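First comes the structure, then the notes that go with it.
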Amino acid sequence: MRHLPYFCRGQVVRGFGRGSKQLGIPTANFPEQVVDNLPADISTGIYYGWASVGSGDVHKMVVSIGWNPYYKNTKKSMETHIMHTFKEDFYGEILNVAIVGYLRPEKNFDSLESLISAIQGDIEEAKKRLELPEHLKIKEDNFFQVSKSKIMNGH
């Protein structure tokens with residue numbers, strides 16, 4: 001995973017509607033072209049890093065990249081959970097993401113409860129790791145200062 005940190009941005013699109021409704025863990029979804037342009041050596045799995053919506057504040061996040069085996073998805077997706085409570089949905093806004101580390105491979109779960117428990121564990125682990133000085137400095141990266149009108153993959 002020599003591509004980490006990896007920076008990308010794209011417009012938030014509607015996903016399957018499962019994050020908030022079934023899991024109680026809202027996610028922002030990237031369009032297919034952002035997922036399709038991920039470097040080949042960023043394998044599927046759960047990652048952590050920083051995210052902002054538009055030119056808003058930068059928050060901790062976890063992101064799932066892959067097919068979500070529990071739901072048997074047929075299309076690869078990139079679903080970001082930002083550790084912040086937003087007042088309203090932000091479909092159509094630009095999501096800026098800096099992936100800084102890898103937590104675990106994606107895997108199937110035998111129940112919705114075990115999936116939720118794993119995600120909650122991922123969130124807690126990401127919160128800890130993002131306090132490391134080498135990860136905190138990425139929160140201040142110029143990537144997050146770019147105007148809303150610039151949409152690009154990479155840095």
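Note: Cβ is positioned from N, Cα and C throughout, glycine not excepted.
In Swiss-Prot this protein carries:
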ACT_SITE  E79  active site, nucleophile
BINDING   G15, K21, T27, N29, I82, H84, Y91  ATP binding site
BINDING   T27, N29  Mg(2+) binding site
BINDING   R104, K107, F109  FMN binding site
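The separation of R104 (FMN binding site) from H84 (ATP binding site), Cα to Cα, is 22 Å.
A straight line from the CA of K107 (FMN binding site) to the CA of T27 (ATP binding site) spans 18 Å. When the CA atoms are compared, the recorded positions lying within 10 A of N29 (ATP binding site) are E79, out of the candidates E79, R104, F109. Taking the Cα atom of each, I82 (ATP binding site) and R104 (FMN binding site) are about 18 angstrom apart. Of G15, T27, Y91, all annotated as binding-site residues, the residue with the shortest Cα distance to E79 (active site, nucleophile) is T27. The closest partner of R104 (FMN binding site) among the binding-site residues, by CA position, is T27; the full candidate set was G15, T27, Y91.
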